[in-house]
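What Swiss-Prot lists as signal peptide is 1-24, and the listing cites sequence analysis. Marked as disulfide bond by Swiss-Prot on the basis of similarity to another entry: Cys42-Cys53, Cys47-Cys60.
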Amino acid sequence: MKKTCVVSVFLVLLLLKFHDLSMGEEISPLKKVAPREQIFPCPGFPCPKGYFCDKGSQKCREGTD
């Protein structure tokens with residue numbers, strides 16, 4: 001009985017993993033850190049709070065103008 005429960009739990013976790021992968025989600029205990037330089041083009045996209053538009057690279061960068 002105990003072995004059946006353990007195997008059942010393992011199979012459920014395995015199915016959930018494949019479901020997440022099929023949905024395009026990564027399974028990782030580590031969170032991704034936002035890059036210091038955002039790839040948003042400044043002319044067509046407003047920079048988030050705490051970022052400014054770098055005129056040279058046309059990208060949002062962390063800091064103040």
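Just so it is clear, glycine is given a Cβ too, placed from its N, Cα and C backbone atoms.
Mapped onto this structure are the features recorded in Swiss-Prot.
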residue: Cys42; record: disulfide bond; DSSP class: coil
residue: Cys47; record: disulfide bond; DSSP class: coil
residue: Cys53; record: disulfide bond; DSSP class: strand
residue: Cys60; record: disulfide bond; DSSP class: strand
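Rounded to a whole number, the C-alpha distance linking Cys42 (disulfide bond) with Cys60 (disulfide bond) is 6 angstrom. Cα of Cys47 (disulfide bond) to Cα of Cys53 (disulfide bond): a distance of 7 Å. Cα separation, Cys53 (disulfide bond) to Cys60 (disulfide bond), rounded: 5 Å.
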